[in-house]
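*Asks:* Dumping what TrEMBL says about this protein:
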COMPBIAS  111-122  compositional bias 'Basic and acidic residues'
DOMAIN    36-64  domain 'C2H2-type'
DOMAIN    65-92  domain 'C2H2-type'
REGION    1-21  region 'Disordered'
REGION    111-144  region 'Disordered'
Amino acid sequence: MMLSVQHTNMDAKSTSDETLSTSMVSEINDEKENIPLCSYCRKSFANYSNLRHHIQIVHLKESKWDCSKCGKICSSKSNLKVHFRTHIRVKPYTCKYCEYDCMHHSSIKDHLTKNHPDKPHTSIEPGYNYNSQAVPEPDEFNAV
């Protein structure tokens, strides 16, 4: 399976903290709290670090990977690979104790904690299997 992605790295638009001027980063001051707010799209963030990352990836389009199926922008090839599982319906994580399977590592960890608290699920004996064959490998990603 080939996944077509577009990778853009605009070196000319280096965004250090100094480059992200106050015109790019705005905030709402409703006298109780300052909320970091993107001046491009008005999306709010929990902190300025998350806002800066959002501006760099989404608006300045630095080092981005676009999903060919839905246009979602990911900051890395590995994040795109995880996202792409939703399109191909791959569930590489399977529980060792029942028939449960899922797409994400956090989901299998939650499942084990809630449904098999008496069974071992540590880093040494994880309690799940991961089928790496089910997930496209980086060489199957077509960087454009």
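Each residue, glycine too, has its Cβ placed from N, Cα and C.
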*Asks:* Helix, strand, coil: count each for the residues of the domain 'C2H2-type' (65-92), based on DSSP.
*Replies:* 12 helix, 5 strand, 11 coil
*Asks:* When DSSP states are grouped into helix, strand and coil, how many residues of the domain 'C2H2-type' (36-64) land in each?
*Replies:* 12 helix, 5 strand, 12 coil
